[in-house]
Amino acid sequence: SMNHTGVVEFVLLGLSNNRHLEIILFVFLMIAYFLILLGNFTVISITLVNHFLHTPMYYFLRNFALLEIAFTSTFIPSTLYSLLTERKIISLPACFLQMLFFFYFGTCTFFHVATMSFDRCVAICRPLHYTTIMNNTFCLQLVLACWAVSFLLMFPPTIMIVQLPFCGPNVMNHFYCDTSLLLQLSCTDTEFIEGLMLIILIIIIPGTLLVTAVSYGSIIITILYIPSSTGRKKAFSTCSAHLMVVMIFYSTSIYRYIRPAQRGGQDSDKVLSFFFSVVTQMLNPYIYSIRNNQVKQALKESMLKAFSNSLRLE
């Protein structure tokens, strides 16, 4: 089908057509990307270096941090380049690759969020059996399952989309190559692929949301039975922060990809996509990891050690 296509590149309209707003968005997005990289690389390094953070929870957080770096790197650098240079053209192969990696890493993110909520549920609701249930082998199996299931779900429709003919028009009102918009631009019937994509998205988003909701529901019920009011307050503080990020992530994703009029292209779709692909990713390392007391302590010890080593060298 690629030999019959008349389109060799796509035009991504980006986040805005206003040059002044584009400059503001460039600065904001660059700061956001820096915070995403800083936060996640900090989580990865601090959980690797400190032996007392070699627990299932931090193992999942480390993998989640790696996933977030991969996910945001599929589109933020190209969006920054587009905002800076006003070049809004992407080649056909680059567009397909961006679509594949964006939705593969995005799917992994949903499964990882569900996995981490399950881990916290076991830790709080079954503390005496936690180390037995969440052993190293099971944790590794869960992470590998997230990556493998994501690949199995996203690979078939991606192959189908890559083989579609594109005859024009070639303009997308988005800042990355979005699957629903690609399907709209194809000059053949895509009803089967659209139906398949909707089924897959229902499995991914509401499916993982169900696991996450049941896990946090069990956690909240368990917290209510904590005798100490201080303990309850502390637990609810952590839980509420997690839930805030989860709610933003899932609500924007569901409204963007699972709704009666699923075909995108409106400016509101770009705003929703920006929230779940940039804003929540920026918050995640700080909500899930860096505000944790154990991570704070590990960061303090690492900085003190680095400072004392620098003094010795002087």
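Yeah, the Cβs are placed from backbone N, Cα and C, and that goes for glycine too.
Annotations in TrEMBL come from automatic prediction, not curation.
Not measured: the values here are computed from a predicted model.
According to TrEMBL, the feature transmembrane segment maps to 23-53, 65-84, 90-113, 133-155, 198-226, 238-258, 270-288. Residues or ranges marked as domain 'G-protein coupled receptors family 1 profile' in TrEMBL: 39-288.
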Any residues 6+ beyond the ends of the transmembrane segment (270-288) with a Cβ under 8 Å from its own?
15, 29, 32, 35-36, 39-40, 42-43, 61, 64-65, 68, 71-72, 75-76, 106, 116, 173-176, 178, 241-242, 244-245, 248-249, 252-253, 255-256
Residues from the same chain, set at least six apart from the ends of the transmembrane segment (65-84), whose C-beta lies under 8 A from its own:
12, 14-15, 22-23, 25-26, 29-30, 32-33, 36-37, 39-41, 43-44, 90, 98, 101-102, 105-106, 108-109, 112, 175-176, 277-278, 281, 284-285, 289
